[in-house]
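The structure under discussion appears below in the form of structure tokens.
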């Protein structure tokens, strides 16, 4: 198998950085890519170093699934 399991959510984390850079670092403009990272982290049981940042981003977001 390829080394995809080494850092399973790297692409999603990079996508967030790119989105934030383009949108004056406003997380609310990057909801979709933040959700993609959260989904990836859930799939890998948060075993990626890139998952540490997702909880901080989610705390800044308004709750949409209450």
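Backbone N, Cα and C atoms are what each Cβ position is placed from, and that goes for glycine too.
If you look up TrEMBL, you'll see 9-40 (among others) marked as disulfide bond. The C-beta environment of residue 40 (disulfide bond), restricted to residues of the same chain at least 6 apart in sequence and closer than 8 Å, consists of 8, 9, 12, 48, 51.
Residue 30 (disulfide bond) counts 23 other C-beta atoms within 10 Å of its own C-beta, drawing on all protein chains shown. Taken from TrEMBL, the feature disulfide bond applies to 19-30 (among others).
The feature disulfide bond is assigned by TrEMBL to 41-51 (among others). With a cut-off of 8 Å between CB atoms and residues at least 6 apart in sequence, the same chain places 9, 48, 50, 51, 54 near residue 41 (disulfide bond), listed in sequence order.
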